[in-house]
DNA sequence: AGGCGCTTGTGAAGGCGTGCACAAATCGCG
DNA sequence: CGCGATTTGTGCACGCCTTCACAAGCGCCT
Ligand SMILES: NC(=O)c1ccc[n+]([C@@H]2O[C@H](COP(=O)([O-])OP(=O)(O)OC[C@H]3O[C@@H](n4cnc5c(N)ncnc54)[C@H](O)[C@@H]3O)[C@@H](O)[C@H]2O)c1
Ligand SMILES: NC(=O)c1ccc[n+]([C@@H]2O[C@H](COP(=O)([O-])OP(=O)(O)OC[C@H]3O[C@@H](n4cnc5c(N)ncnc54)[C@H](O)[C@@H]3O)[C@@H](O)[C@H]2O)c1
């Protein structure tokens with residue numbers, strides 16, 4: 001969904017797939033369920049109904065049940081879902097039991113905030129290396145890590161077993177950084193730079209663009225405003241039908 | 001898509017809607033087209049083909065043409081699209097000609113980065129007010145703005161004509177801040193806190209959650225790894241279907 | 001032991017989005 | 001002035017996703 005995805009040909013011969021190939025839409029919601037489940041676990045709940053979990057995750061309960069049914073049958077009819085079991089299952093599916101190593105490239109304004117964020121560690125990720133091209137930034141300590149020069153990226157990726165790269169450089173440098181990451185063996189990239197990245201097949205790219213989010217909100221503001229201003233009316237200008245013809 | 005949307009009952013009686021009600025998927029892509037168009041305009045291009053613009057925006061050319069056709073006919077067959085005209089049209093549709101006023105609540109780690117980001121101003125947004133609950137933060141100057149106490153939010157929203165609020169507080173405070181924003185008259189919220197917000201109908205909420213993005217990438221890493229490790233194999237554990245029953 | 005209420009899991013239907021393929025339209029050139 | 005090259009705009013079919021509605025299953029209470 002508005003995300004770049006370069007798939008690989010499965011060529012799967014087995015009847016039941018080694019990996020339940022969930023719908024993309026489902027995958028995107030699993031993290032939200034997981035968060036809700038963790039919250040429930042903290043409050044001491046042993047089980048949740050689909051209704052309860054759906055409410056906590058902000059979705060329709062039918063959708064939640066269908067999503068979870070793709071993982072297998074981990075609920076009990078008449079009772080609900082076992083919270084701890086479901087957490088384990090979702091974390092397993094998402095591959096969060098591996099505590100993935102992440103590299104962050106570009107420790108500027110945004111990079112500093114990301115490097116100092118503790119919300120990643122608590123969700124199964126370790127930022128294990130920071131990189132920048134600016135000599136001023138290189139060498140400084142940030143949250144227990146030393147910023148290294150971007151030229152060392154290739155070596156570090158291999159040594160630290162990094163599989164995910166986060167790009168927080170200006171847009172002009174993003175493609176070059178992405179190329180370096182891919183060359184080093186990174187197969188997943190989270191891109192904060194406002195630009196389209198070209199990557200080979202088999203590499204996943206997800207983009208986060210705050211300006212785009214604001215622009216989408218702006219559209220809805222515009223729409224709402226035009227509706228309240230002219231209730232049931234028509235466009236302020238350019239209200240052309242097929243009427244005003246030659 | 002994975003975004004909260006509280007629609008309002010249209011009750012539209014007119015034949016042709018006052019506002020071209022574009023598909024959500026199209027709206028989400030317009031900002032990307034807009035960026036690509038601005039890039040093209042800077043390089044001096046007067047016109048673009050759907051093929052060219054699609055490549056620059058990272059989408060299929062058929063999809064791009066269908067998207068643009070929803071706005072009207074702003075292309076010329078055999079030639080392409082007029083770059084400047086298309087920019088104007090998209091900016092009008094997105095409501096970017098109004099330079100919307102934005103409030104940022106929570107100037108911590110992430111909030112500082114957002115407040116210092118110049119990429120918003122260049123895309124039609126002005127951050128006009130900063131708020132925090134921490135007395136340590138209140139009063140400090142940031143990028144030409146003074147951080148105000150969150151209690152002043154209601155007054156400021158009205159005075160400054162703020163329609164969009166950005167929440168960058170811890171998750172525990174997010175709902176309360178959202179309530180304040182809505183009470184003050186804000187109808188669009190961009191939420192960085194990892195939690196679900198409840199808002200009344202007519203208010204749009206978009207959420208940005210970096211941990212979710214990483215978890216989605218992690219899933220694909222997991223999938224890719226299991227495919228290469230066990231080509232055509234099955235799940236390491238818990239491969240229960242309806243077999244092991246009784 | 002049996003019945004009753006509750007909740008899951010899923011078949012089916014409808015809606016939305018995507019991409020193909022082509023007709024319609026425009027420009028440039030001879 | 002007509003023709004061919006080019007590119008837009010769109011009808012159509014297909015697949016994915018969502019939502020409804022309900023049968024199947026489970027536990028509890030009597
Ligand atoms: N700051 C925000 O709130 C924000 C919001 C949305 C998007 N973004 C985007 O995130 C990116 C970073 O934003 P920022 O505000 O941190 O910018 P910044 O200029 O503060 O930081 C960029 C950093 O990247 C480094 N860099 C430049 N080229 C590099 C290279 N080739 N290799 C490695 N490092 C390199 C720079 O030295 C600098 O430290 C930009 O693309 C921006 O558009 C930022
Ligand atoms: N830092 C990141 O890179 C990052 C990444 C992803 C998500 N987030 C999320 O963004 C949010 C902010 O993250 P952060 O790292 O900046 O946290 P932070 O603790 O550094 O900043 C939070 C700020 O919010 C203020 N605040 C608290 N309660 C408030 C209230 N009721 N009203 C107004 N302000 C209030 C605090 O005083 C503080 O300044 C969190 O929800 C976090 O999970 C942050």
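Our numbering is plain: 1 for the first residue shown, then up by one each step along the chain.
The backbone N, Cα and C atoms fix where each Cβ goes, and this holds for glycine too.
TrEMBL annotations: computationally assigned, not manually curated.
Note that the coordinates shown come from a computational prediction; the quantities given were computed from them, not determined experimentally.
Record features (TrEMBL):
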DNA_BIND  A:32-71  DNA-binding region
DOMAIN    A:95-196  domain 'CoA-binding'
BINDING   A:106, A:107, A:108, A:109, A:110, A:111  NAD(+) binding site
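Proximity to chain B (Cβ-Cβ distance under 8 Å) holds for the following binding-site residues out of A:106, A:107, A:109, A:110: A:109, A:110.
Residue counts for the DNA-binding region (A:32-71) by DSSP state, with H, G and I taken as helix and E and B as strand, are 28 helix, 2 strand, 10 coil. Long-range C-beta contacts of residue A:108 (NAD(+) binding site), restricted to its own chain and to partners at least six residues apart, with a cutoff below 8 Å, comprise A:132, A:137, A:168, A:169, A:170.
Confidence across the DNA-binding region (A:32-71), taken as the mean pLDDT and rounded to a whole number, stands at 97. Within the domain 'CoA-binding' (A:95-196), the DSSP-based counts of helix, strand and coil residues read 38 helix, 31 strand, 33 coil. Every protein chain shown contributes to the tally, and the Cβ of residue A:106 (NAD(+) binding site) ends up with 26 other Cβ atoms within 10 Å. In the structure as shown, the Cβ atom of residue A:111 (NAD(+) binding site) sits within 10 Å of 24 other Cβ atoms.
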